[in-house]
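**Q** The structure under discussion is supplied below as structure tokens; questions concerning it will follow.
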Amino acid sequence: MTMMRREIGNSNMNTWERSESASSPSWFSHLWSSALRSKPLSTPSEATIRDASGEGLVRRLGLFDLLLLGIGASIGAGIFVVTGTVAHDAGPGVTVSFIIAGGSCVLNALCYAELASRFPAVVGGAYLYAYTAFNEIIAFLVFSQLMLDYHIGAASIARSLASYVITALELIPFLKNNIPSWVGHGSEEIYGAFSFNLLAPILLVLLTIVLCRGVGESSILNSVMTVTKVVIVIFIIIVGAFEIDVSNWTPFAPNGFESVLTGATVVFFAYVGFDAVANSAEESKSPQRDLPFGIIGSLLICVALYVGVCLVLTGMLPYKSLGGDAPLAEAFTSKGLQYVSVLISIGAIAGLTTTLLVGLYVQSRLYLGLGRDGLLPSLFAEVHQTQHTPVHSQIWVGIVASVLAGFFNVHILSHILSVGTLTGYSVVSACVVTLRWNDKTVHQVFGKSMSSRAEGVICLITVVCCGFAAGVFYRFGASFIFLIVAVVIAIFAAAALHLRQVYTDTPGFSCPGVPILPTVCIFINIFLFAQLHYEAWVRFVVLSIVTVGIYAVYGQYHANPVSSNTLIIYQKAPAEAD
């Protein structure tokens, strides 16, 4: 008989004790069992966290800081550009496009708000939620998809910021046309992919230094820049309101409702960023109370600002004259208000700065979470003893972004972005559903025994498939019947989730309408996923394969779902210290 031996971990790993044969199990079986591990759901604690580094992050962010964090991440220079470019096709109906997209994001925000309230003391965001609700490999896949978006996005934003800064400097007479293009605008492309930019990495280094100094310093910079751009946007809306010609709002949707819906799929990504608030859980003073308000509140403010700009822009000029590189600036210039163009440039610089700052901040906190869980080297889990920031993670994030921004024409990769965002949003919505399940009975489905959880997962997968199918049918102009069939099947799957599962109430903020609302979120997100460039689909598949490979080589052997054996007390903000 084969002798059995038991490997016993430390006291914190007693739930993960398991028996293995004297001869090690097959590589594949070890990979499979490791991939299916999940992170134990612990009771939220605002006082302690388990951390292998020996230090914790400092709780310094209040509700106002969280609101500004979400606004800073969501509103960049795009509010001055994308509004006009979409209005060129959708007409004044672009306002409805932003309302539809904003409403969709609000649904996602409600899901994020519940989980942020349920996991108020730990960093990780969508990665953490997936690790707890599903398993290790799904969490790692979510992280990789999100991180590629963040890395490329940060480099692209840094290049745009550098270009705006140079454009502003060229307003000084003796600098006009005297700054080489490689300084800020980027050198000529080499082999289509390489392009040198000097200023972008410098800006990234400066922001990285600010973030390494502490969350207090970075929060102050974000607050100043965010308030600046919001004041500028409000000023533009007020000034523009006096220049509106209501006749420009007729016809409201010149190309029909389809163009308005298409516009909604485009502007959806203008709201991306509110999820950054969820990643500040460990640095929020009162996370269980403030995180839900920070997530939803910042998004609603962004919706109001975008709609206000749309109404002003489409009211000032006929929609056919919009769509240039700087439509908002052109609209005010046509009314003899050239000084507003200067304000728009300042607002764009402030907007890009906050978007970049928050993006770098979120990346480092995600790396911190994976370092703690062992899916990445423990170096990423270390927190500076005096600054209370994940310095190594922050420096790594800055290096990656600086290399990409300094030497590569990352703008050509923009069409493969948003995959991680939509993936993360969909998984978070699914997590809300699965974490509410409270029925472990076995059902008979088509004559076969099936656990309640397995049945629920199949329903969720069905919704995902239907959302993608509906998106593909809509994108390629298939018969309307096919679209209806996909929607009807998704409705039946949602009905099964509602009728055949038992759901528990959650402490703190609860997402309303579970499971219907999260299911609608999943359907919409995957529908939008199908609208992305086909190269984005290829990127999703290829990166997923690479991620599984990395997990197989490193992650499965080092991951520790219980994640550390040292009890750490949170550091209080200086103002709160006794």
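Even glycines carry a Cβ here, placed using N, Cα and C.
No curator has checked TrEMBL annotations; they are predicted automatically.
Taken from TrEMBL, the feature transmembrane segment covers 66-87, 93-115, 127-148, 190-212, 224-244, 256-274, 339-362, 395-413, 457-474, 480-499, 511-530, 536-554 (among others). What TrEMBL records for 509-558 is domain 'Cationic amino acid transporter C-terminal'.
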**Q** Where, among 66-87, 395-413, 457-474, do we find the most CB pairs under 8 A to the transmembrane segment (256-274)?
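**A** So the stretch in question is 66-87.
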**Q** Please indicate, using numbers and ranges, the residues of the same chain that are 6 or more beyond the transmembrane segment (339-362) and have a C-beta under 8 Å from a C-beta there.
**A** 69, 71-80, 125, 150, 153-154, 157-158, 160-161, 164-165, 167-168, 171, 203-204, 207-208, 210-211, 218, 221-222, 225-226, 228-229, 232-233, 235-236, 239, 273, 276, 279-280, 326, 328-329, 332-333, 394, 397-398, 401
**Q** Give me the stretch from 66-87, 190-212, 224-244, 457-474, 511-530 with the greatest number of Cβ pairs under 8 Å to the transmembrane segment (395-413).
**A** 190-212
**Q** How many of the residues that make up the domain 'Cationic amino acid transporter C-terminal' (509-558) does DSSP mark as helix, as strand and as coil?
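**A** Counting residues by DSSP class gives 39 helix, 0 strand, 11 coil.
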**Q** Are there residues at least 6 beyond the ends of the transmembrane segment (457-474) whose Cβ is under 8 Å from a Cβ of it, and what are they?
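**A** Hits for the transmembrane segment (457-474): 426, 430, 433-434, 482-483, 486-487, 489-490, 493-494, 496-497, 519, 522-531.
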**Q** Should anything in the same chain at least six residues away from the transmembrane segment (66-87) have a Cβ under 8 Å from its Cβ atoms, list it; otherwise answer none.
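**A** Beyond its ends, the transmembrane segment (66-87) has Cβ neighbours at 94, 97-98, 157, 160, 164, 219, 222-223, 225-227, 229-230, 233, 263, 266-267, 270-274, 276-277, 280, 284, 290-291, 293-295, 297-299, 301-302, 305-306, 309-310, 313-314, 319, 322-331, 344, 347-348, 351-352, 354-355, 357-359, 362.
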**Q** Which residues of the chain, 6 or more past the ends of the transmembrane segment (224-244), have a CB below 8 A from one of its CBs?
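**A** Beyond its ends, the transmembrane segment (224-244) has Cβ neighbours at 68, 71-72, 75, 79, 301, 305, 308-309, 311-313, 315-316, 328, 331-332, 335, 337, 340, 343-344, 346-347, 350-351, 353-354, 357.
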**Q** For the domain 'Cationic amino acid transporter C-terminal' (509-558), what's the mean pLDDT in this predicted model?
**A** 94
